[in-house]
């Protein structure tokens, strides 16, 4: 961090030297704001770093927009204001915003990117200001991890779906056949079976009694027939 601050101070001196010139406004004040961190995947191909600024007491002219990059121990002039590599870097500016587009992303693009704003028509030292820098971290492509995450998500959704179906079935079963109703149903079935068994016993008893009466009548008729035969023989 100490080396970074030292390099930033050196950059500020170089920045002032680049933008030094005669000015007419002496009370111009510029404030620059940048996001501290930003992460990108190399599969994105490009990324845009944003920078916002506000002014006070400055002229209505458009300010100069510059972009620098800090590596481990050195800094590079990317766009001051023209970009050193127009295929790699491109600057977009509006009223109070500017952005740096970085194309063909690789892990080597990981660095600290600093935005600078300056009003060339002002002598005020506050009319030339840089932001605190955005730490850009570019990671490798994660296709395999993406597939693994997709499989985990799909498996989780299938598990949740199966659990929901099973739960719905159990709730439906309980609503259609509550425990009290099942007990009453079983008791009614038992009572009906007992009644059927009792009816069978009564029917069997009646059948046996009728069979006995028929047998008795048959025997009586046979005795009477024998008696008539004996009487005739006499």
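Heads up, the Cβ atoms here are built off N, Cα and C, so glycines get one too.
Just so you know, TrEMBL annotations are computer predictions that nobody has curated.
The following features are taken from TrEMBL:
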DOMAIN    35-127  domain 'Ig-like'
TRANSMEM  148-172  transmembrane segment
Item to check | Rounded mean pLDDT for the residues that make up the domain 'Ig-like' (35-127) | outcome: 92
Item to check | Secondary structure content of the domain 'Ig-like' (35-127), with strand meaning DSSP E or B | outcome: 9 helix, 50 strand, 34 coil
